[in-house]
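Worksheet for the structure shown next.
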Amino acid sequence: MPPCKHSSWLGAKRVQGEPTLIETDRLSALLSLLHNLDTQYPIFLVTIGDSEKGAALRTLFGFKASSKGRRSIDSIHLYLDSSTTFTERPWIVAEGRSLQLIPHTTHTEAAGCPCHRTNVRSLRPCDDHIATDVYARLLRQFTNLERWCDGWSVANQQHIQTVLGQPLVVVTERPNAKNAKRDSLSLVRQQTSVDIHKCISNLEFVALLPRGTISPQARFRRLKELLQEQSRATALQRADRGCLYSARHFSTLLNSAIAHFTESSAEPLDCVIASRATRPVPSDLGQHLANVFALLTSTSQLAEFAVPMLASCLFLDSYPPDSHCFEPSEVFSQLYARAFDGVCPDSRVIAFSNSADVLLRTVLLQMLQEHFQRYFAEHSRPDGLSAVAIHQRNLKRFCGQWGALRSERTCLGCTLRTPQYALECSHMLCENCVVIHGEQEQHHPYLYRVCVCPLCHMGMQREIRVRVHPPTAGVSILCIDGGGTRGIVPLTIMQRIQDCIGLPIPFQQYFKLAFGVSSGGLIVMNMFFNGSTIEESTQLFKQMAVAIFNPRKSWGLPVLSRFWRSVMTIFADGLYPVKDIESVLKKVFHPGQSILGASFATAAGTRIGLPVATVHTHPACRIFTNYNGVGARLASPTGEPTIRAEDGFGKVPQWEVARAISAAPGFFPAAHIDQVGTFQDAGPLENNPLSQALSEMRALFPYVAEPDMVLSLGTGEPAPAAYEADKQDRRSLRKSGMFTRARDLLLEKMRDGTVRRVLNGIRSATQTAQRIHRLNIHFEGSEPRLDDTAMIPSLASLAAGDVRISGGVEAVAHAAVASLFYFELDRMPQGPGESLEVAGSIRCVLGPADDGFDALIRRLAEGKACFMVDVRPLPGVVGDRSFADAGGRFCKRIEFVSRGKFTLWLKLDDATTHISGSPFSIDRLIKAQGLDAQFGRADHQKRKASFDHNDVGRRKKQRSS
């Protein structure tokens, strides 16, 4: 498609009586023609007026000014000087007159040409003439140079406000420029109170000879020389002030300024704050700083150790790759200074309990800023160090100090986030620090190894492997109900699914979120913490059940034995000895292994949730997690759902958590964990963890709209016929007394009929219907007791042969295979109007060295697998060269046109299933991958290019006219 010739950029219109600002994508279209958005620094020239403007624009830049009439009074037009496209200083020229609000009937009419993407923004109440605001508040802070023609009077106070602090060139047709300047300044003094010399950094008048006396080039030569001279001087001044922006940053900030302009604030855009739109400073930074200060014991430790390290952490946050080098003093004061207000009760003085010394807050801020500026000086040199290199040097410098400091509430590697991963040295790191300091594995772009603690520099005897969730991938969820010995049912169903999949891939690999209650939680812990296979977990479960549900020894007389067991149950607060279950759990889960430590789950990238119930007058569900409760959650009337980090929590052994989740009332006493609390089995409150898992998914994966698949496994329930009501009189003290009725109600509550009803409502109202698979068996007769170990073989046989769930097993198997594939954008989508050219790759979470990768590729080839974009099959056969990248990883590159949303499918064995994360929204993909992070990413990874820089020849032909 040939490039659009429309030049309109900003327009002011009145739509249905409301003032609006119309913005087109003209700026991004022009900047896409540049050679390199990161190394070119545009000169932004604003021209205002009528007389001689068209002739000057044609002569100086080779393009025509906007025509007179309606378009010229309601739009500002934008041009690129094609002769500067490949220079370090390309010229961007904004040209317009005094904007007026032209009435339009609808937003569609106001939006104008369909070949442009437009934003229609409501304006605050304003006058019909808004030119002063547009030029003064919006464009002024980005303008290198202003040029006025005679049509705009220099003696107008409102006009002068548009160029405050900027150089101004005034073009006049009077023969003598000095006389014109003298008369204009005299007129300014007569008609306004403005001191123009204080408003304008440099004022120049250029006199043009009458038309026809000389050639146009000669007539405008002095004007061109003056513009070039002034632009060079202004660029140097902007560079000194830290506000000379690359083309990429210029575009981003100018677009932010337009959005800011439409709001009610009269203040200009704060560029430092605007640059952090995609990675704002954490709102709880003050709390993290307070946590760090709580570890300190003296002012000397604060001044000599904490201050340089805190400044280093904040500097790391401020200057990632692709960031702009704003003035460090401005960055520190704008972003971080206020966070230090709450580091101590008295915000003016910082004191320590073990020392009589105090430190003024102002002195602290001054010391921090000095170190911050020192790091910036090292960073900004031509051969300067990166922010990561500076920070790692500082961490190594103070490695001896870190040995005695620990925190489970704040990551000491950055002081900005809650840590997730516990190292052998007892230090903890957040995921962002793992990415920054860890070693990326060659064939796994999202798998990192931590071999040395970045704080104390202690080597790990067992390296930590952390798999980061691909940002555009979806999430599959595993939920397992509680049920005592009936836990053999979900194990058997999982084995059926694994057999149906038929691939040597660990079953855990298919799930990124796993929740289990009671016995279901023990299964989840063994499979995901220990990495046990389903077969190993099944065998272990049988052994554990026999060892745990072992009655107390009693006398040989039946009556006395029953009486003795009843008495012991009451006084021991449980039917079974607590030493038996604790002994078993300590063997299965190593006492030295904490829930936040390295495990199979961290290497697989799976988040684990283990619900428990508090022991309280008003019991509530809480969740132990292997991710330390990170994530943003909505406020709950029952309090924070996850057990948040406290100092000491990171050291809680896995077996103690297992003991807490399995403390079923009546069977075992409640479990107390020091510094954490007292807990019991959550089954009586919520035996199906589905609702909790879905809530945690939203907190952990904000860019995932809905799960890829939810596998919810029950432990058996009565057949539907058991719920049929009869008309018989059931009142009987022996069969239906109060204790019997209370027991039946409790057992029915544990089956979570409410959850099933809510789930059915979701299924009928959303697309989640086909993604939630509830697999369970029915009991035709009486239900087995939760502690009946003799029923385990029968329950396993029933689950293995239940044909009712065969369809669900096959559906889960197909969804599991499809969930191994996800889509990534290769560059920022571009295109005219609403249609976008999308270029990306379908990738696989498995690498060439992973178990099952080769078998997976063979399975796809044998099943004649086909990937589809919406309904269009992609060319190629799985296994050929088009399905692999240079490193041998699975990669299918695709290009297509989309209007914002699309779906990717995998067709295998006549079953069509969406891949992970599908359906996709282009806006969500851009945000998830950080393609809109024009000022850098928090993990210091390089952002993908917005277009292919190798395709220069094509863009040469599309230069702006």
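Quick reminder: no glycine exception, Cβ is built from N, Cα and C everywhere.
Whatever TrEMBL says is automated annotation, not expert-curated.
Close to SER518 (active site, nucleophile) in the fold, though at least 6 residues off in sequence, lie GLY482, GLY483, GLY484, ILE661, SER662, ALA664, ASP681, ALA682, GLY683, ASN687, each with a CB less than 8 Å from its CB. Look at TrEMBL and you will find SER518 tagged as active site, nucleophile.
Under the heading active site, proton acceptor, TrEMBL lists ASP681. According to its DSSP assignment, ASP681 (active site, proton acceptor) is in a strand.
Here the domain 'PNPLA' (478-694) returns a mean pLDDT of 89 for the predicted model. The domain 'PNPLA' annotation in TrEMBL covers 478-694.
Here TrEMBL flags 936-961 as region 'Disordered'.
Per TrEMBL, the feature motif 'GXGXXG' maps to 482-487. With a cut-off of 8 Å between Cβ atoms, the residues of this chain six or more beyond the motif 'GXGXXG' (482-487) that come close are 516-523, 541, 545, 549, 664, 667, 681-683, 687, 714-716, 750, 784-789, 791-792, 795.
According to TrEMBL, the feature motif 'GXSXG' maps to 516-520. Residues 479-487, 490, 541, 610-611, 661-662, 664, 681-683, 686-689, 713, 715 of the same chain sit 6 or more residues outside the motif 'GXSXG' (516-520) yet have a Cβ under 8 Å from a Cβ within it.
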For this session: Give the helix, strand or coil assignment DSSP yields for SER518 (active site, nucleophile).
Result: coil
Problem set entry | Number of helical, extended and coil residues in the motif 'GXGXXG' (482-487), per DSSP | 4 helix, 0 strand, 2 coil
